[in-house]
Amino acid sequence: MTCTVTVLGATGSIGRSTADLLDQHRGRFRVGAVAGGRDAAALARVARDLGASFAALADPAGGRDLAQALAGSGIACGAGPAAVIEAATRDADLVVAAVSGAAGLAPTHAAIRLGRTVALANKESLVCAGDAFMRDARRFGARILPMDSEHNALAQAIGEGRVEDITRMTITASGGPFRTAPRERIAAASAAEAAAHPTWSMGMKINIDSATLMNKGLELVEAHHLFAIDAGRLDVVVHPQSIVHGLVTWRDGAVTAGLAMPDMRVPIAHCLGIGERLSIARGRAVDLAATGSLTFERPDEERFPCLRIARAALAAGGAQPTVMNAANEIAVAAFIAGRIGFYDIAALVEGACEGFAARYPAAPADVEEALAIDAEVRRWSEARLAA
Ligand code: NDP
Ligand code: MG
């Protein structure tokens, strides 16, 4: 039976890797809807290549270009947030949620509310609205397949095991491009330097998050929600080779780890297979003898304060992760635009977490409230940057 797949964020890094696998296994999949942000030409291309039935562009201004680029293809299209929601809610066996940032929350949540199976790459959805998101997944019978490499490795390592029997869950970090750089050097880094990731090829926002280690912070919050595990049992270890992605330590001291080469197509294929294993053309198997050594070290929260800030936000709970995520998105965009320096990212995020702690002590009751807090923190962050 063919599996109908919808891809939200189809033109991005995860979207392209997903498209590669869908193309490799054409007989197995049919592509329902595809959605993108602003690039109408790229979206039209992927929609045509994959034979999608519907294409949605978030930017309303690109609607005409998209329609023109799809003329004669028989692919229906729309533009604006409502069109993206339509893409997310069209009939599908699997929805790949690979929009970047909290912009992915509304469409992903719309799919959750229909009880869909969602392959979740968009970690910001969980950081922004984790409690409400997971509660709605349970309420509407939606299944969430972790697509982030560490969480996918953890899910595979857990297998049929029980979370109660786990004493520690560890996610690894490559350490980013500044792993060994002194603080003064990091402080002066440009966005291009920060985006030069040593092991993974990814979108711009997650590249910067990897350089600050905020990506690991977001992933701790993500793991907390996906596996219903408390912050005290979550750990981060730096592993420059990016071959071991997640480790589960059991009550008896045994450790189960998930390994793969740093290629997002591995966790994506695991999700697309929904229980069956897919082959990956031009994929590389782990060869430990060729790799020689796998090394591990503690993260340095002095040089990478975003990890400390994220740990604190997770431990504090309430709306702190929501606030942190929103401020981080504004800070990262400002850093990419050359408006602020590397360590100003952490300063803005920490300022927002402190500034909003008393105002929003409780976790958002629902996704709407999370999005309202997100919007307020974005305005506050923009104002602070402009001051
Ligand atoms: P990219 O920036 O490469 O791609 C983002 C995609 O989302 C693009 O297709 C973009 O379109 C689209 N998009 C942006 N805004 C909207 C919107 N409002 N509605 C619909 N589509 C939109 O990001 P990545 O692929 O790197 O990352 C996607 C998500 O996956 C992130 O949450 C990231 O943290 C996570 N992730 C990524 C990994 C990776 O290896 N890249 C690894 C693990 C997780 P356009 O370009 O036209 O704006
Ligand atoms: Mg990851």
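A Cβ is built for glycine as well, from the same backbone N, Cα and C atoms used for every other residue.
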Listed co-binder of NADPH (same site as THR11, GLY12, SER13, ILE14, GLY37, ARG38, ASN122, GLU124, source TrEMBL) among GLY176, GLY203, GLY217: GLY203
According to TrEMBL, which candidate in GLU86, GLU184, GLU193, GLU219 joins ASP148, GLU150 at the Mn(2+) site: GLU219
Between HIS197 (1-deoxy-D-xylulose 5-phosphate binding site) and GLY203 (NADPH binding site): CA-CA distance (Å): 10
Euclidean distance between Cα atoms of LYS123 (1-deoxy-D-xylulose 5-phosphate binding site) and GLY37 (NADPH binding site), Å: 17
Binding-site residues near ligand 2 among THR11, GLY37, LYS123, ASP148, HIS197, GLY203 (Cβ under 6 Å): ASP148
ASN122 (NADPH binding site): secondary structure state under DSSP, collapsed to three categories: coil
Binding-site residues close to ligand 1 - of ASP148, GLU150, HIS197, ASN215, GLU219, only those whose C-beta is under 6 Å away: ASP148
